[in-house]
């Protein structure tokens, strides 16, 4: 039982002030940060942004002023928080998360939060949750999840980048390692970091120093042309670091919408139709220790997701752009058997309450839940607490490098320490 819910009015928990500001994210672009104050507590949250985004995501409001940040400023969203949203939320009980989220959604009056901006609404939603937890003097993961929050997710670490996250010829966007054989999250993080460092040395020796330049999420971005070349490098690094394929598996984020054009997929120098791409994935899974494939097809190709899920029934097929953390799209996927896992991104849907709804629907229907960052991040660690609170099987938050990525991993270390002997590392 979590602490979120309709609470009796108490002056100690009333929202006194909400203040938003424009800050920079990890790509050097503006984003929204929000502070929420009560007599007993304070919450601060900042909003991430994606590079490869689903068409059906909630709208991130940008100023479109070419004289500031190339049109990417967020002063309009900031103003919406400081005027419209603050006016409506002042005096409300900060513990009433759903009431507050629904009020903001009603204020916006659009399906995709395009009036106030999903970045404005989400910033307030996360800061409200943090202020509530602080006011109650309990950790955020405990506020979200109550006594059921005790599991630590398996990290799926993006250690080699392609696609929109890098400047090489790899079509597949992310090649990830998953230390699923660890006993604790602490051990999993150590395994991931050791493989990451080993991979870096291997790439430098084989491809030169420039191959260890990193992409948006901290993964290396060497000049590679084919997926098998990247997979061979990962297998080598896993073995060289002293681990086995049963201890550490591989995850792929194809982000296939990005290389889909006129009913064909451009990958590894080839132009493949959907059935050919399905065979390509099957061959990869049969050749490498691949546990998961994210967005293997175009974001509207529900039937192709269904076909691959049936073909690779013991592989985790993840819907990201397919579902965009939206319960209507997820419901369609569940009905069809399209994918068997949900990538949960709070900024795709735009509020904490709606993210919880999507996670709940996925879990009820036997889907794996993977909580995820975005390519443009901040030092905010809300998703770490969220992953523990909902019992997510995995968390995807980049390489064990770059401060905005390690912030999330380090927060999970603190949570595991705080939980003590009751902490349980997920076994996949």
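Note: Cβ is positioned from N, Cα and C throughout, glycine not excepted.
Record features (Swiss-Prot):
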ACT_SITE  217  active site, proton donor
ACT_SITE  345  active site, proton acceptor
BINDING   173, 345, 374, 375, 396  (2R)-2-phosphoglycerate binding site
BINDING   253, 294, 320  Mg(2+) binding site
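Swiss-Prot feature annotations superimposed on the structure.
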residue: 173; record: (2R)-2-phosphoglycerate binding site; Cβ neighbours (10 Å): 27
residue: 217; record: active site, proton donor; Cβ neighbours (10 Å): 30
residue: 253; record: Mg(2+) binding site; Cβ neighbours (10 Å): 28
residue: 294; record: Mg(2+) binding site; Cβ neighbours (10 Å): 28
residue: 320; record: Mg(2+) binding site; Cβ neighbours (10 Å): 28
residue: 345; record: active site, proton acceptor; Cβ neighbours (10 Å): 26
residue: 374; record: (2R)-2-phosphoglycerate binding site; Cβ neighbours (10 Å): 26
residue: 375; record: (2R)-2-phosphoglycerate binding site; Cβ neighbours (10 Å): 23
residue: 396; record: (2R)-2-phosphoglycerate binding site; Cβ neighbours (10 Å): 31
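Reduced to three states, the DSSP call for residue 375 ((2R)-2-phosphoglycerate binding site) is coil. Within 10 Å of residue 345 (active site, proton acceptor), counting C-alpha to C-alpha distances, fall the following of the binding-site residues 320, 374, 375: 320, 374.
Closest by Cα distance to residue 374 ((2R)-2-phosphoglycerate binding site), from the recorded positions 217, 253, 294, 320, is 217. Nearest to residue 375 ((2R)-2-phosphoglycerate binding site) in space, judged by Cα atoms and limited to the recorded positions 217, 253, 294, 320, is 217. Between residue 294 (Mg(2+) binding site) and residue 173 ((2R)-2-phosphoglycerate binding site), the C-alpha separation comes to 10 Å. Secondary structure at residue 396 ((2R)-2-phosphoglycerate binding site), as computed by DSSP, is strand.
Of all the recorded positions in the record (173, 217, 396), the one with the smallest CA separation from residue 253 (Mg(2+) binding site) is 173. Cα of residue 173 ((2R)-2-phosphoglycerate binding site) to Cα of residue 217 (active site, proton donor): a span of 11 Å. In the three-state DSSP assignment, the secondary structure recorded for residue 294 (Mg(2+) binding site) is strand.
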